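Trainee: What follows is a structure written as structure tokens; I'll ask about it next.
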Amino acid sequence: MDTPSRVDGWLSECRPKLPIQNPLWAFIHNNILLNLEDRPFREVVREAAALYRARPYETEDFYRSELQRGRIRRESLEAVLAQALPGSGPDRVERFLAEPSFGNSVAPVPLLRAAPRLDAAYHASYDRLLQDFVVPLIASFLDQGMAAWANPFNEGALWGYFQASVHAAPGWGFDWAGPLKARQEAHERAGRTVDEIIDAEVREAAPEGQEAAYCLETLFALKGWSGMVMRLEAEPALAPVEAPQASLKDWLAVMLVSTHALDTWLMERHGTRRAEVLARPAVAPETVSLGRLHLWQEAYERSFAGDFLAHIEKGLRPDTPGAVSAAPRFQALMCMDDREESMRRALESKECGIETWGYVGFFNVDMRFEAVGASRATRQCPPVVEPSRTIKEVPLDGEAERLARARSAGRAGGRAQLFSFYHSRTLIRGFFVSLALGLLSFLPLVLKVLMPSRMTRLRRAVQRKAFPHPRTALALDAQGGYSLDEQANIVEGALKTIGLTRQFAPLVAVVAHGSTNTNNPFRQAYGCGACSGNPGEPNARAFTLMANRPEVRERLAARGLNIPATTLFVACYHDTSVDTVEVLDRDRLPAERLAEVAELEARMGRACRMNALERCQRFSQGPKVGLEAAAQHVLDRGHDLSQPRPEYGHNRVAACIVGRRELTAQTFLDRRSFLVSYDATQDQGGANMRSAILGTVPVAVNIAMDYYFSRVDNEGFGAGSKLPLNVVSLLGVLTGSKSDLRIGLAQQMVELHEPMRILVAVEATEKDLRHLIDTHPRMRRMVRGEWMRLVRIDPSTRAIELWEGQDFVPWRALWPEFREVKPPALPAILDLRHDRPAEVYA
């Protein structure tokens with residue numbers, strides 16, 4: 001095999017295992033080990049622990065404390081141990097608690113590189129030495145406009161940029177410059193290509209037969225930067241401004257040359273040789289005791305799942321075919337998001353009286369959306385769905401002047417921001433610019449701290465008065481838009497999937513959601529996951545426009561879906577952070593229906609206040625009584641510069657329930673479950689079930705695993721604390737001024753989370769559900785690889801069965817410790833008095 005083919009082969013093995021996180025502007029929740037889902041969870045996390053140098057489970061102390069406080073059932077731990085360690089005897093729990101080696105059947109993972117051995121032997125601070133030189137180089141090369149000075153060497157490819165930078169590197173302040181330059185010059189004298197440099201460096205240091213693994217371990221020395229280079233090479237459009245000539249092959253050459261030069265410097269300094277260093281054993285400490293930790297995690301998840309199933313089981317009743325209730329006055333089609341679970345309960349309360357349905361929040365509108373004045377289109381569908389087209393927002397007739405004023409104001413504001421950003425960071429001008437801006441911003445800043453939401457309202461009111469935003473519409477029918485048949489398919493698919501095919505209310509709200517966050521680089525993580533982290537407003541506007549069109553309704557009627565002429569779909573937007581609901585495109589609604597819309601808006605406003613009060617029960621600083629006080633508190637949190645967590649996002653999410661609302665309508669779920677509407681009684685052959693599950697469950701699993709890994713080891717799989725984070729290159733964040741590009745979620749986003757693989761409960765026939773598992777590749781991987789726990793609820797009998805091995809088994813028979821359990825009115829897993837502390841301060 002020739003050298004380029006050999007190197008390409010190594011890289012092809014590396015790429016699937018690198019982090020797949022996008023730049024901040026396009027952040028989406030993903031299972032960080034998504035590309036490894038074809039293997040069982042337990043097997044993959046062992047490999048990931050060694051690569052990421054991170055624990056894939058919580059610590060043993062954590063599990064012991066959970067056992068002590070009753071969150072882990074002793075009976076569940078005993079059952080898990082009995083299944084995993086047959087013949088271990090009746091004292092197995094006592095032995096497991098007393099003997100550190102009991103149940104530890106997983107061998108640690110050996111490491112290949114010299115770096116961990118040098119660190120262990122000489123306390124070399126290897127990572128810091130490497131980062132001090134390499135991080136500024138790669139940050140400068142990938143920079144999208146944050147740097148005041150352009151690097152003179154980054155016009156070409158990454159390897160050429162590295163060569164020029166090494167030649168220009170000063171000898172002072174950079175201790176291992178000598179070995180690095182010597183190694184670089186040796187490659188230049190030999191006239192080696194990038195492929196030949198990689199081949200030579202790998203052959204020098206990697207054990208025979210483990211060349212690809214060695215390359216991967218080298219790339220993981222700066223895993224965040226490696227992942228970003230890979231993403232920008234594969235999808236240059238992800239670059240916020242302009243894609244550099246990023247190449248993972250070039251980056252691998254940079255990492256190999258740099259790490260080997262650093263190895264040489266450290267070995268010369270301590271009088272040793274590479275062979276002697278590599279002869280010392282080295283294993284990833286994060287892979288020690290994984291066998292025991294997996295058993296703890298199984299007991300932890302089983303304890304929750306058993307209590308949760310017992311809790312929802314008591315609300316289940318056998319189906320009564322033929323029962324049809326009267327049509328309500330108002331209905332709301334909501335996102336499946338767990339944050340909307342409490343909102344749906346509030347909307348359904350007697351005070352509000354709105355029937356709700358849950359669906360994936362992009363509402364089947366698989367588009368990119370280009371807003372008026374936007375520089376790029378945003379992705380408005382889940383990561384697992386490829387946008388089929390780009391829909392543009394256009395100004396209505398007569399709005400050209402407003403649009404011109406808004407654009408002019410936007411350009412002027414952008415220039416002013418750039419001026420202050422760059423000039424406040426220079427040596428001389430920075431002093432005067434900072435002084436002037438500081439004096440001008442002092443009073444607004446004080447008022448912003450004291451009255452965050454009021455100041456935001458004032459600023460927006462002034463902006464609207466000075467530069468009114470033009471009235472707009474979506475160009476659905478423009479060239480490249482959706483045909484009428486496609487629009488009918490979108491509406492039909494959503495309504496038939498959730499079972500809303502009759503008893504339509506006069507007003508149906510299509511409620512998108514997003515989140516207000518101030519001073520938060522992870523803003524995208526709080527948006528709608530089904531819209532790739534963006535607010536779902538465009539999707540709600542598009543869906544209602546389609547559903548209200550007479551031509552679309554004619555096509556739906558021909559297919560047997562009759563929407564009454566008196567039914568009006570209304571687009572709304574729910575801000576899950578400040579708990580407000582806004583009616584969208586109000587000026588396009590029929591004048592004779594505005595009174596009804598006003599009543600709908602008032603009811604939803606009351607629901608928001610009820611939801612805010614429920615959320616405040618978990619805020620240490622929030623009021624515990626009073627709807628208005630709670631509403632004001634959450635409003636202030638969303639606009640507060642000092643607030644590390646204006647809302648809890650998907651903290652504590654643990655389940656996803658796919659089925660009719662009547663399954664859970666009388667059950668308090670404490671915002672711990674995604675809720676997806678699906679009516680198995682209206683589904684012949686499982687087509688609707690397929691749509692309901694494939695559009696939602698992968699999103700739920702991605703979110704749950706993102707939170708899981710960021711919670712169990714926030715330094716290795718996550719981004720660490722928000723406090724020292726700084727935005728770099730307009731691509732991501734790093735800790736301090738020189739660190740690896742951080743991946744995952746910040747500590748303040750996950751520290752209230754209970755790390756578990758998600759429990760997915762589906763109301764469906766066994767035949768349909770089993771067929772989906774057998775025929776859909778990702779569902780098969782997630783279920784059989786134990787990346788999620790699957791439960792089936794029978795549509796007729798409402799019996800609950802767990803997937804075990806290759807079959808569905810009655811859950812209480814499978815988990816005998818719950819056979820006689822009678823659930824309390826409110827189990828501890830949902831009871832604030834027995835749950836985790838209400839709020840952890842930053």
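The backbone N, Cα and C atoms fix where each Cβ goes, and this holds for glycine too.
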Trainee: For the Zn(2+) site that TrEMBL describes with Cys335, Asp337, His513, which of these is also annotated: Cys528, Cys531?
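Mentor: Zn(2+) site check in TrEMBL: besides Cys335, Asp337, His513, the record includes Cys528 out of Cys528, Cys531.
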Trainee: By a simple count of other Cβ atoms within 10 Å, which of Cys335, Cys528, the binding-site residues in the record, is least packed?
Mentor: Cys528
Trainee: Suppose the Zn(2+) site is Cys335, Asp337, His513, Cys528. Which further residues of the same chain have a Cβ inside 8 angstroms of that site's Cβ centroid?
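Mentor: In sequence order, the nearby non-listed residues are Met334, Met336, Arg339, Glu340, Gly361, Ala512, Gly514, Gly527, Gly529, Ala530, Cys531, Gly536, His574, Thr576.
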Trainee: Measure the Cβ-based neighbour count of Asp337 (Zn(2+) binding site), defined as the other Cβ atoms within 10 Å of its Cβ.
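Mentor: Excluding its own Cβ, Asp337 (Zn(2+) binding site) sees 28 Cβ atoms within 10 Å.
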Trainee: Looking only at Cβ atoms, how many others are within 10 Å of the one on His513 (Zn(2+) binding site)?
Mentor: 27
Trainee: Does DSSP put Cys528 (Zn(2+) binding site) in a helix, in a strand, or in coil?
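Mentor: In the DSSP reduction, Cys528 (Zn(2+) binding site) maps to coil.
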Trainee: Specify the secondary structure state of Asp337 (Zn(2+) binding site) as given by DSSP, simplified to three classes.
Mentor: coil
